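Per TrEMBL, these features apply:
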{"type": "TRANSMEM", "residues": "15-32", "note": "transmembrane segment"}
{"type": "DOMAIN", "residues": "69-454", "note": "domain 'Amidase'"}
{"type": "REPEAT", "residues": "487-520", "note": "repeat 'TPR'"}
{"type": "REPEAT", "residues": "521-554", "note": "repeat 'TPR'"}
{"type": "REPEAT", "residues": "555-588", "note": "repeat 'TPR'"}
Amino acid sequence: MSKTLNLIKTNASNPKVWIVAGITVAGIIVVAETRRRRKKAMIIKREDFGAFMERFELIPFPQPPPPAAKLPLSGLTFAIKDIFDVKGHATGFGNPDWQRTHEVADKTAVVVTALLKNGAKCVGKTVMDELAFGITGENKHYGTPTNPNMPSNVPGGSSSGSAVAVAAELVDFALGTDTIGCVRVPASFCGILGFRPSHGAVSTIGVLPNSQSLDAIGWFARDPSILHCVGNVLLQLKAVEPRRGRHLVFADDLFQLSKVPKQKTVHVISKAVEKLSGYQLPKHVNFCQFIASNVPSLKGFCQHSTNLQNGISALQALSSAMVSLQRYEFKTNHEEWLKDVKPRLGPEVSRCVLAAINNTYEKVKSLYKVRTEMRAAMQSLLKDDGVLVIPTIADPPLKLKKGSSTEFHDRACALLSVASMSGCCQVSVPLGEHDGCPISVSFVTYHGADKFLLDTVLDMYASLQEQVSMASNSAPLPDLNGNMDASELLKEKGNAAFKGKQWNKAVNYYTEAIKLNGTNATYYNNRAAAYLELGCFQQAEEDCNKAISLDKKNVKAYLRRGTARDSLLCYKEALEDFKHALVLEPQNKVANLAEKRLRKLVS
């Protein structure tokens, strides 16, 4: 620095020297200011977990004078997804090009105004997946909000910022929208409550559409009483309703998709309701078989050569119809803008948008027919007092920047399509953790029963959390060992039952054999074959795992595990099994055909 000053003194009369010196000082100031602003932005981002797009305050309406009752949401704060109009602000739809090409809103969304009228204060808009496409919560333009429970993993989307704001305790509740899971997924991944109301139950005036036949206004909360209060306001519910009995209906086949042990989900819920009054004994159904029989239009969306009654094929068909309906309506709503503006989009969103714009839709009437039939089927299943219990999502949150695979997307959409395509209301409820990841289950009931569902959550929540604590400290029972000759006799009886297509009987015989001798790979392998016939894919996979641990060269175990994983939409794992079978038996035709099909699907 002293050399520079000497140079300036020596050449003080030369104006060029002063220009160079001025530019140098200005550069230093600019660099310093840039660093200061970046540091400040990082601090702000850490403080709000990257949840907010824009901070502002919308003051609630004034409290009426006594003797009027206190406003129901008085003292509560909330945030809104960047899809809701606020007067004087441009609605960004998660994309800067959308925000740039649209005027500021001249009115505030009806749903936001309703919350302000009831005493809540809005503190800003939150980050979302671009154009409300996506279930991971990632946004290449504004950054991905940080999942408070798992900072290295995605928060879920598309209502990612709203979920994070609630989970991080920045607000008391937040608004999102749910098309194919955009509230339910982030609620599950962030370990909070998330409610998707019956389709059409909450006004969407002043809310940008993605797919109007699937879009629903949803909300997040940590506290079930706040979830309930917000629901009373938005759904304009009566304060008091006569108490009704309830019966839970467990979709046993859908829990096979989940990687969480049933001890931490089904068992927890069953134990929780035992202590509560007004609950009938739970029922168990094969949900896929039910909708295959009651939603005939699904046949048009089933993969070729696949029987709807086989495994979760019906749910895959329902998911396919949901995605097609979303894309068809998104194209109708936004094709003109997309072609005129050619917006910059993240790779995942770009792929979805291109698929929507480039597809031709020949089964449009069938899409709406599936929706109508699905709603009627759910009403038939649940009657006036039923609550369907399913996993919210099959897999734990993905690692950041990993991108969602076809397998992840298919497994997620299979479960999410139930409420989206029926228009039923659904709530995602946190149930602790498994392997460091949040667990959640969902309660679903028929269209229009929103108060019944909100009341159910409020009624069950404390008992559920008590059982969660107990389940986290318990361990599964070990297998028993016994006499070899008796176990062989039971195996033969199982084989005879299997040949006679008495699958349940075969399972029982093999189970008794395993109790007597738990070190025989054949018993597990044979029971896996029976489980496959029954559509119990998770149990089949577990038996094959045991068989392989006992016999590393058991080709049938790899083939059966591959079949089970394929049926559970775990394509990559299934592919590895069939590859392993080919290593052991290079000429195996079943493994060869499956390996080729799955390789195409995965790639």
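Each Cβ is built from the backbone N, Cα and C atoms, and glycine gets one as well.
These figures come from a predicted structure and were not determined experimentally.
Looking just at the repeat 'TPR' (555-588), the mean pLDDT is 94. Each residue in the repeat 'TPR' (521-554) gets a DSSP state, and the totals come to 28 helix, 0 strand, 6 coil.
As a summary of secondary structure, the repeat 'TPR' (555-588) carries 27 helix, 0 strand, 7 coil according to DSSP.
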